[in-house]
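A.B. asks: Pasting the relevant annotations from TrEMBL:
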- A:18-34: transmembrane segment (TRANSMEM)
- A:40-60: transmembrane segment (TRANSMEM)
- A:67-90: transmembrane segment (TRANSMEM)
- A:110-132: transmembrane segment (TRANSMEM)
- A:139-156: transmembrane segment (TRANSMEM)
- A:176-195: transmembrane segment (TRANSMEM)
- A:225-247: transmembrane segment (TRANSMEM)
- A:259-288: transmembrane segment (TRANSMEM)
Amino acid sequence: MKLTENHSDNFFKNRKKYTLVILFIFFILLFILSNSLSGYYYRILLLFGINVILTLSLNITNGYANIFSLGHGGLMLAGGYTTALLTLPVEFKANTLSLPLWLEQAQVPFIFSIILAGIVAMIVGLTILLPAFRLKGHYFILASLGINIIMINIAENVRPITNGATGLRGAPPYTNIWWIFGIAIFLIYLIWTLLTARFGRAIKAIGKDQGLAEAMGVNSAKYKAYAFMISSFFTGVGGALWTHLILTISPSSFDLLVVFQIIMMLVIGGVSSISGSILGAAIITAILEILQPL
Amino acid sequence: MAKDSNNKNLLTLENIESGYGKVKVLHNVSLKIKEGQIVTIVGANGVGKSTTIKTILGLIKPSSGQIKFKNELINSLETYKIIAKGIGYSPEGREVFGNLNVYENLRIGAYTVSKDDFTKRLEEVYQLFPRLKERKNQEASSLSGGEQQMLAIARALMQDPDLLILDEPSLGLAPIIAEEIFNRLAEINQMGTTILLIEQNVNLALHLSDHAYVMEKGKFVLDEKASILAQNDYVKKTYMGIA
Amino acid sequence: MDLTYIFQQVLNALSLGSMLALLAVGYTMIYGVLGLINFAHGEVFMIGAFTAMYAITGLGFPLPIALILAIIASVLAGVLLERFCYRPVQGSGDITLFITSLAASIGIRSLFVMLFGSRSMQFPMPKYLQGIRFWGDILITDLNLIIFVFTVIITLILSFFIKNTKLGIAMRGVSYNKQTAEAMGINSTSIIVATFVIGSALAAVAGVAWGLQYGNVRPAMGYHPGISGFIAAVLGGIGNISGAAISGFLLGVGQVLFVAFLPSVYSGFRPLFVWIVLFIILFYKPTGLFRSNIKWE
Ligand SMILES: Nc1ncnc2c1ncn2[C@@H]1O[C@H](COP(=O)(O)OP(=O)(O)O)[C@@H](O)[C@H]1O
Ligand SMILES: [Mg+2]
């Protein structure tokens, strides 16, 4: 028994070593890409990276935990507007919006603004969805669609903060290849770790058969809420990265169509798989680029 | 009992293999029902009795073998077409339409039948089950278990089928009610309807039937006149709890 | 805010309530037999409106003919959707059905944007519908009245049909348990097609009413009314025709009152009304307002 444990430990150490080597090579590759790709392809690479983050986030709920949500567009909006408000030039905020002074003056470093974007998205997700958790199946999906529509509506109508349908322009171009792929890799690592931990076993059990999981003593409400929180957080972060890449955000930036695209990324690559999410994000990002002129 | 000797075959299964997706449940199952007979399949839970029925009805398709009803191959037909050829079915667990009242359930049972025939048949069926007539406007979900079973049988009888298939009609019923239902089945058979019965209540079933099959693990292991099987030591010990 | 004002607002809301009722009834029937949120129902509604618009402005047909053409087009769209989108994925799980339905909805809408652009196009209203009448201080448009009466009649006929005919009983039977219905000799596929036919025809009527009431149509017009219709179906108890119709009316009237009683700066929040109602009601009654007619797991 002891022996096999040592053995697997060794194996794990080796795997860690390999992972580090692969990561190192990957970052060198990114470095080369960031210096060699033309503006157009570089941008596609960045969009792909953001889509990986969004798809992986959606995978946590819609894949592993089997909580089918159509509401992630609303969470991206929450993240995007949060980071925009925290980083837009003071002058723009003072002239166009009427914000409380602290928010108007706020010039938050990027790292904090994306974390706050994630937190706000998480809060939005929880506020709207916690009551919805007791709904079954299609009712829950319907309620989750409500997040999207409610957030879009708020963005359109709370003009002093969101500037209405025009949206916010001039977010600083902070997003770059390092931020995106750094966060993507962190997210992959996080999902990987979580999946092999108690949390992952619980969430997969709930995803397969919630009744059975509960009968085995898993507190499904708790784990589903955790899964939704993690997913919301990174979805908000994804929305923030997107905002600092496109540099504007408006109510229609993340509508049901965008959610649908991410669902397609998830489904095409194979639900409940990390590599599937990455592959799906790559395929759909490419297809969307090809279809762009249409 | 002259009826089991020279009559024509109504339903035959030949070397049926069937199951759910990749899971094979039935292995080389063959069965014969002659016109006018009552034939019973007995067997423990999960051996494939209901699967046999679902295969006959086309709810699942056999992967090999032949099913003939009135000398016609029905393997690949859709369920509703098979039913229209003259089969009435009372499913396991009754499966009445709980959102419909008794009358409406019977109307669905007569789906393949003309309006005139329906009205006529309705009276006949109400005569057989007077309780249903009393409750004709009551929602099926509000009936007692026994009443629901009667409704399920009545519904199966609505198109005046040549073959009536019943999957565990006594399941979960008090012995008195089970007996009443069995008496009704005898009457229905007297009036000329052939019956394929699945039962766990082996004692009652063998008493009623002409012929019986014993199923184990997706195969028929015994196939005999019911009166002979009722005396079989193995059957007595395993299925009737008589040492 | 006197009673006259409230009453006036309710009257103004009759047509919106009617449209949502018609959509909700179609939704509830299709959901009943398929177990599927047919997101593309809003697009079937839009197709009806576009067809009528084109029949009138492009082909010069009178409104009644345009309405019939709209019904034919929507029914065709509904039947094609069933045949080529939903039937192939039957039994492959909720999520697949969901994605299919979402894809159909987005696909049809995008197709119409490609063909007609995303802008609103005018929907002409014939002279004979432009009348208004006064009851004391209260004003009502003929159009509002006609749409309302028309909807009530359709709903009553449909309820009678569902309650009393063999086909109606079969529809309810298939909603309750498809496999057992098949085992009683019902061809569930043809029942499902019949349901799509009825639901789509109702959507077409709603679409034409929409065009008349608001004077324009556009490819995205089906999105919000479609979802409101589905919410009304949920609140009405899935499979419950009169429940859906009443909930549709209430949601329509509620939306208008919601706006009428708030200061006008908040009028943009109107689409939120249905969601607020949905969340509140589902929170207290997770199975809907009225009794559902199908077995709910
Ligand atoms: N819908 C189904 N899908 C997969 N397997 C099934 C299904 N229904 C029954 N089975 C399996 O087929 C076997 C036979 O079941 P069944 O025919 O219902 O048994 P019986 O009626 O003799 O109790 C059982 O092992 C059961 O688990
Ligand atoms: Mg069985």
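Glycine residues also receive a Cβ, built from the backbone N, Cα and C atoms like all the rest.
Where the annotation comes from TrEMBL, it is an automatic prediction and has not been curated.
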A.B. asks: What stretch in A:40-60, A:67-90, A:139-156, A:176-195 has the biggest tally of Cβ pairs under 8 Å against the transmembrane segment (A:110-132)?
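C.D. replies: Stretch with maximum Cβ contacts: A:67-90.
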A.B. asks: Are the transmembrane segment (A:139-156) and the transmembrane segment (A:40-60) close enough that 3 or more Cβ pairs fall under 8 Å, when only pairs 6 or more apart in sequence count?
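C.D. replies: Contact between the transmembrane segment (A:139-156) and the transmembrane segment (A:40-60): absent, because fewer than 3 Cβ pairs are under 8 Å.
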A.B. asks: Per the 3+ Cβ pairs under 8 Å rule, pairs at least 6 apart in sequence, do the transmembrane segment (A:176-195) and the transmembrane segment (A:225-247) touch?
C.D. replies: yes
A.B. asks: Are there residues at least six beyond either end of the transmembrane segment (A:225-247) with Cβ under 8 Å to its Cβ atoms? List them, or say none.
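C.D. replies: That would be 43, 46-47, 50, 53-54, 56-58, 60-61, 64-65, 67, 69, 72, 75-84, 87, 110, 113-115, 117-122, 124-126, 129-130, 133, 169-175, 179-180, 183, 187, 190, 194, 199, 203, 253-254.
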